[in-house]
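To start, the structure itself, in structure tokens.
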Amino acid sequence: MIKQLKADFARVFGGQEETRSFFAPGRVNLIGEHTDYNGGHVFPCSLDIGTYAIVRKRNDTTIRAFSKNFESHGVIQFDLKDINYDESHDWANYPKGVLWAFNNAGHTINQGFEVLFYGNIPNGSGLSSSASIEMATAVFLNEMFKLHIDMIDMVKLSQKAENQFIGVNCGIMDQFAIGMGKENAAVLLDCNTLNYSYSPLELDQSSLVIANTNKRRGLADSKYNERRTECERALNQLQKHLSIQSLGELSAETFEQYKNYITNPTDRKRARHAVYENIRTIEAAKNLKAGDLDGFGILMNESHRSLRDDYEVTGKELDALVEAAWEEDGVIGSRMTGAGFGGCTISIVKNEQIDSMIANVGEKYYKVTGLNADFYVVKVGDGAREISTSNV
Ligand code: ADP
Ligand code: MG
């Protein structure tokens, strides 16, 4: 892979000078959906698919960027003195946003570079290719320019780039999972405090299977904002009776006792999801630590039902994939992952049954939706890093 990308780099940018290679994974959230902005927990892991960056410094202040995923845009060029959002620069605004955030935080970069990106995760499907390209950029800037920034600060600066430069109101989970991820572990993150702990992801004789609905998340942005508003309204009503800062602080007992103070039944359902999903997520991490994969799978299934019935963010496509998976032998658990209304599902499947699962679920999905799903059997890899190329 790296050898090919280096050859591509030479073709696009010419020259003989040495390049360096970096990789940032994509991420998948195993459980804990729509809990981040409700002050709850999430439980993501970093994948062995993601975004590669091949980089070489220049002797001036010009930046030249090329993506193999967007070849038709050609090389996008700008100057270090002109780090502003530019619609015509399209995808390159993501790495530019990280430069912007670094500059604002006082990590000034005063030398240009050439960079070639290649991502082997789908774009816009909820595996967070945007945070992946941001974190790849953060790590190569840090290493190439010897900035000595902690990973956690790079995570926060990349989130800032996405929030303030790109204008997408995402939480911290994506950049966190991609920066702090570890091979064969999932990370339980408290989105309120940023306290985190790793759980070994020992899948034994099974694997993670991601299925992409290949449906654009058309509704996602407006519905995402609507859900945030509904949960805020529910929280405001509860706060008249309870001293809490977020729904994530509530136990099941307290929620049941006070839930009728939420007067709107829709808001009450949304809050119920936020509270119970957070409880499920903490329990799921405990299950994994105790080696109870079956218990983990049951919680994944419950998570999906709650997102379908209480939070109403699944839709025909995600439901078709998950419900077909539930019918298959060897499926330990299956749920939608990401914001919903499209994007991907995540399943844990026994290795012997992966082929039949993919064939059967794909066929059923096509019958219901007329769409072909893409399947990825993934491994849990390390977080964003430089790749040593001494042996390629
Ligand atoms: P997601 O993060 O769920 O994949 P987003 O819409 O947030 O979806 O981000 C996708 C965008 O990120 C792409 O449209 C592109 O602008 C940028 N991007 C991601 N990966 C790459 C890549 N390999 N090369 C260039 N741009 C990329
Ligand atoms: Mg994104």
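Glycine too: its Cβ is placed from the backbone N, Cα and C atoms.
In sequence order, R27, P44, S128, S130, A131, Q159, E162 are the residues near D174 (active site, proton acceptor), counting only same-chain partners six or more apart with C-beta under 8 A. In this structure, D174 (active site, proton acceptor) is part of a helix by DSSP. As annotated by TrEMBL, active site, proton acceptor applies to D174.
The DSSP secondary structure for Y224 (substrate binding site) is helix. According to TrEMBL, the substrate binding site annotation covers E33, H34, T35, D36, Y224.
In the three-state DSSP classification, G126 (ATP binding site) falls within coil. According to TrEMBL, the ATP binding site annotation covers S67, G124, S125, G126, L127, S128, S129, S130.
E162 (Mg(2+) binding site) carries a helical DSSP state (H, G or I). Around the Cβ of E162 (Mg(2+) binding site), 22 further Cβ atoms fall within 10 Å across all displayed protein chains. Per TrEMBL, the feature Mg(2+) binding site maps to S130, E162.
What TrEMBL records for 8-57 is domain 'Galactokinase N-terminal'.
Each residue in the domain 'GHMP kinase N-terminal' (93-182) has a pLDDT score, and their mean in this model is 96. The annotation domain 'GHMP kinase N-terminal' is assigned in TrEMBL to 93-182.
Each residue of the domain 'GHMP kinase C-terminal' (284-366) gets a DSSP state, and the totals for helix, strand and coil are 50 helix, 14 strand, 19 coil. Summarising the annotation, TrEMBL assigns domain 'GHMP kinase C-terminal' to 284-366.
Residues annotated as site 'Transition state stabilizer' in TrEMBL: R27.
For ligand 2, the recorded positions lying close by, meaning a CB under 6 A from one of its atoms, are S128, S130; the full candidate list was R27, S125, S128, S130. Here the binding-site residues are E33, D36, and the one ringed by the most other CB atoms within 10 angstroms is E33. Taken in sequence order, the binding-site residues G124, S129, S130, Y224 that lie near ligand 1, meaning a CB under 6 Å from one of its atoms, are G124, S129, S130.
Every protein chain considered, the tally of other Cβ atoms within 10 Å of the Cβ of G124 (ATP binding site) stands at 13.
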